[in-house]
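Enquirer: Attaching a single structure in C-alpha cells format; questions to follow.
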Amino acid sequence: MRSPPSFAESQLDVILRRQRHRPLQGGGLKFTNTPTRFLNLSSDWEFAGWGSTLYLELTPEEFTNSDVDISARQVLGQYTASAVAGNAVLGSVFYALPAVVALAGVFSPISLFIATLVLFFWRPVMEELAETFPLVGSNYTYLLNVSSKSIALGGAAITLLDAAMTVVVSSGTASAYLSSEVHPPFPAFVLVIIFLLGFAILCLSGTRDSARMAFGILSFHILTMIILMIFASISWARRGNAQISSNWHSGDQASPAGMFYQIFKGICIGFLGLSGFECTPADVPSIRSGRFPSVLRNIHLATIVLNGPLMLLVLALIPMDTILSGANVLSILAQEASGRWLRTWLVVDALLVLCGGMFTGILSACAVLEKLALDRVLPPLFLKRMPVTGSPYFSILCFTCLCGVIYATTGANLTVSSQMFALSFLAVMSLYPISNLLMKFNRGRLVKSRNATLLLVFSTIILSLILLIGNIIINPITLAYFSAYTLAILAVFIIGQNKIHIIRWLYWVYDQAPLLHHFRWSKGWGAWMIDRVRSMKQNTVCVMIKTDEIHQMFRMIRYVRENEETSCLKLIHFYNRIEDVPSELEANQKILDEMFPELTIDLVFVQAPFTPATVCSVSKRLVIPRSLMFISCPGPEFPYSIADLGGVRIITL
C-alpha cells in the first residue's frame with residue numbers, strides 16, 4: 001500500500017496542475033496529454049496570476065517627505081501622561097467602594113489595600129511590553145506582533161468591551177450622584193442615556209481629552225480627595241470610634257475562614273478601584289522616552305494612598321445600612337464630614353472626573369477600531385472623519401450604540417455592570433502577562449530590559465486566573481454577560497477577517513439554488529459576489545525579506561495566506577550593491593509563486609538601505625499602509641525600534 005503523499009508531493013501536484021494551463025510567451029495555453037479539467041465559475045477567484053520581478057528606484061524627494069520622526073509625537077511628560085489615565089483610575093473610587101463593601105463588609109479597607117499592592121506584579125510586565133512595542137493598540141498590538149491575528153482579535157474584543165464598560169459604569173455612577181442632588185422628574189437611566197448621547201455629540205464636535213484638560217481635572221480631583229480625607233479625619237477624631245464599632249458588630253461574626261473568604265471576595269471586586277490602569281499603555285506613543293515606568297508608579301502610588309484609607313473613613317462615619325443602600329457613598333461621607341458645601345463640591349468633582357473617564361473610554365475604543373480598520377478587519381468606513389472636526393464619526397456612533405446595548409441588556413443595573421466591569425478589567429489585565437510570555441518565547445531577541453522575570457510573569461498569570469475565578473464565583477451570571485458580549489464582538493471581527501470565505505459560502509448556496517438564477521432581483525448576485533471577491537483580493541500585502549532561504553520565505557508567505565485576505569503579495573528586498581543580492585532569491589520566488597496558486601507573488605528590489613525612511617517611502621510609492629508591511633523578528637543588533645518603522649508588523653514564522 002502506498003503511503004499518503006508528503007507535503008512536498010502535494011505542493012508539486014499543485015505546480016503540475018498549474019503548468020497545464022500556464023500561458024506561453026507566444027500566447028495560448030500549454031497543453032499536456034492529461035485530461036483537461038474544466039473550471040467552474042468559482043475558479044475565477046482561485047487563480048491569482050503569475051508574479052513578476054520589479055526594480056524600484058526611490059527619489060531624494062521621497063526620502064525628504066518620509067514621516068519617520070516619532071520624537072515629535074512624544075509630547076507627554078510623566079505628570080501629564082499620568083493625568084490622562086489617572087482620571088479613569090482615581091475616578092473609579094466613586095463606583096468601587098459600594099461594590100466592595102457589599103462583599104467584604106468591615107474588611108473592605110483591607111481588601112482594597114491588598115488589591116492595590118497586588119498591582120506591583122503587573123508593573124514590570126507592562127513596562128517591558130511598552131518598551132519593546134511602543135505602539136498604539138496595547139494588547140491587540142502586542143498579541144498581533146507575538147502571535148497570530150486570530151488571537152489578537154480575541155484581545156481586541158476584550159479590550160473594546162472593557163472600554164465600553166468604562167463608559168457605561170462611569171455614566172451610571174455620574175447619573176447616580178447627580179440624581180441624589182437634583183432629583184430629576186425621570187428615572188436615573190434617562191440620565192445615563194443623556195450622558196451617552198451628550199458625550200457622543202461632544203466627541204463628534206472634535207472635543208479631545210487633551211493632556212492639559214486631563215491634568216486640570218485630575219488636580220481638582222486630588223485636591224477634593226485631600227480636603228475630604230482631612231475633614232473626615234477631623235470628624236472621626238471628634239466623634240470617636242462608636243460608628244466603626246457599630247459597623248463591626250452589625251454583621252454576623254464570621255469564623256477565621258469566613259473572614260479570609262470575605263477579604264478574598266473584596267480583593268477580587270476591589271480591582272474595580274484600579275480600573276483605568278489597563279488603559280495606560282495606549283498612550284505610550286505620546287509619552288516621552290523612558291517616562292512610562294514613572295507614569296505607572298505615579299498612578300499606582302496614588303491608588304495606594306487613596307483607596308484603602310478612604311474606605312476606612314467611610315466605615316468610621318457612615319452606618320453600614322446607609323453604605324449599602326446607595327451608590328453615592330462619598331457624597332454622604334462629605335455631608336457627614338463637613339456639611340452641604342463639601343457634598344456639593346464632591347458631586348461636582350465626581351461629575352468632572354467620571355466624565356474624563358468616559359472620554360478616555362470613547363477615545364480608546366476609537367483608537368482600537370481605527371487600528372482594526374487599518375488591518376482590514378473592519379471596513380474603511382471606520383477610517384472616515386468629519387470634514388471640519390476630524391472626528392471618526394462612524395466609530396463614535398457604533399461604540400455609543402454598543403454602550404447603549406450593554407446598559408439596556410444588563411437591566412440598567414449599576415451593580416451588575418460594576419461586577420462585569422471588574423471581570424472585563426481583570427480579563428484585559430490578564431492579557432498583559434500572556435503577551436509578555438509570548439513575547440519572551442517568540443520575540444526574545446527584541447526584549448532589551450529584563451524587568452519581568454519568567455517567574456514573575458507566571459506568577460502574574462496565576463494571580464489573574466485566581467482573581468478571575470473569584471469574580472465568577474461571586475456572581476456566575478457576570479460570566480454569562482461577559483461571554484455573550486465578548487463572543488458577539490469577536491463574531492463581528494471574525495466575519496470582517498474572513499469576508500472572502502463567507503462570500504464563497506454564500507456563492508455556493510446561491511449556486512445550489514437554481515431558482516434564484518431566474519428572478520430579476522437575484523440573478524445578478526453571482527456576478528456581484530465574484531466582483532466583490534476580486535476587489536477585496538486586490539488589496540496588496542508586503543513582506544520584507546532579507547534572505548533567500550526558501551523555508552523562511554515559505555513560512556512568511558504561509559502567514560500571509562492564513563492571516564490576510566489577499567491575492568497580491570509583494571516580497572521586497574533592500575540592497576546596497578548588486579553583489580549583495582542573495583543568488584537564489586529570484587529562483588525561490590518563482591518556486592513559491594508556483595506553490596501558492598491563490599497568490600500573485602511579486603519580487604521587488606529596492607536599492608537602498610533598510611531604514612525607517614526607506615520603509616516609509618516604499619509604503620507611499622506602492623500605496624501599501626505600513627500596518628500591512630511585515631518583517632520577521634529583527635536581531636539584537638537591529639538599530640531601530642518597531643515604533644521607528646511606523647507600525648510594521650512582526651510576523652510569527
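Going from the start of the chain as shown, residues are counted 1 onward.
Placed from the backbone N, Cα and C atoms, the Cβ positions cover glycine too.
All TrEMBL annotations are machine predictions without curation.
Keep in mind that this is a model prediction, so the values were computed, not measured.
Pulled the feature table from TrEMBL, pasting it below:
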- 95-122: transmembrane segment (TRANSMEM)
- 151-174: transmembrane segment (TRANSMEM)
- 186-205: transmembrane segment (TRANSMEM)
- 217-237: transmembrane segment (TRANSMEM)
- 257-277: transmembrane segment (TRANSMEM)
- 298-318: transmembrane segment (TRANSMEM)
- 345-369: transmembrane segment (TRANSMEM)
- 390-408: transmembrane segment (TRANSMEM)
- 420-439: transmembrane segment (TRANSMEM)
- 451-473: transmembrane segment (TRANSMEM)
- 479-496: transmembrane segment (TRANSMEM)
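Give me the structural setting of these features: burial, nearby parts and distances.
Expert: With a threshold of 8 Å between CB atoms, the same-chain residues lying at least 6 positions outside the transmembrane segment (151-174) that come near it are 88, 91, 94-95, 138-144, 188, 191-192, 195-196, 199, 275-276, 278-279, 327, 350-351, 354-355, 357-358, 360-362, 364-365, 368-369, 372, 377, 399, 402-403, 406-407, 410, 412, 414, 417-418, 420-421, 424-425, 427-428, 431, 435, 482, 485-486, 489-490, 493-494, 497.
Within the same chain, residues 167-168, 171-172, 174-176, 178-179, 355, 358-359, 362-363, 366, 386, 389, 391, 393, 396-397, 400, 403-404, 407, 412 sit at least 6 positions outside the transmembrane segment (186-205) and bring their C-beta atoms closer than 8 Å to a C-beta of that stretch.
Within its own chain, the transmembrane segment (217-237) has Cβ neighbours under 8 Å at 82-83, 86-87, 90-91, 93, 302, 306, 309-310, 313, 316-317, 330, 333-334, 336-338, 342, 345-346, 349, 352-353, 356, counting only residues six or more beyond its boundaries.
Sequence-distant neighbours of the transmembrane segment (298-318) (same chain, 6+ residues past either end, Cβ-Cβ under 8 Å): 78-79, 82, 85-86, 89-90, 93, 96-97, 100-101, 106, 108-110, 112-113, 115-117, 119-120, 123, 222, 225, 228-229, 232-233, 235-236, 239, 241, 243-244, 247, 270, 273-274, 277, 280, 329-330, 332-333, 336-337.
Same-chain residues lying 6 or more positions outside the transmembrane segment (345-369) and placing a CB less than 8 Å from one of its CB atoms are 84-85, 87-88, 90-92, 94, 136-137, 140, 156, 159-160, 163-164, 166-167, 170-171, 173-174, 177-178, 180-181, 195, 199-200, 202-203, 207-209, 213-214, 217-218, 220-221, 224, 227-228, 276, 279, 282, 328, 330-331, 334, 378, 382, 392, 395-396, 398-400.
Within the chain carrying the transmembrane segment (390-408), a Cβ under 8 angstroms from the stretch's Cβ atoms is held by residues 160, 163-165, 167-168, 171-172, 189, 192-193, 196-197, 199-200, 203-206, 362, 365-366, 369-370, 381-384, 417, 485, 489, all 6 or more beyond its ends.
Non-local neighbours of the transmembrane segment (451-473) in the same chain are 118, 121-122, 124-125, 127-128, 264-265, 267-269, 271, 419, 422-423, 426-427, 429-430, 432-434, 436-437, 440, 479; each lies 6+ residues outside the stretch with a CB under 8 Å from one of its CB atoms.
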Enquirer: Hey, which of 257-277, 420-439, 479-496 has the most Cβ-Cβ pairs under 8 Å against the transmembrane segment (95-122)?
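Expert: The stretch with the most contacts is 257-277.
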Enquirer: With a Cβ cut-off under 8 Å, give me the same-chain residues at least six positions beyond the ends of the transmembrane segment (479-496) that come close to it.
Expert: 150, 153-154, 156-158, 160-161, 164, 372, 376-379, 402, 406, 409-410, 416, 420, 423-424, 427, 472, 502
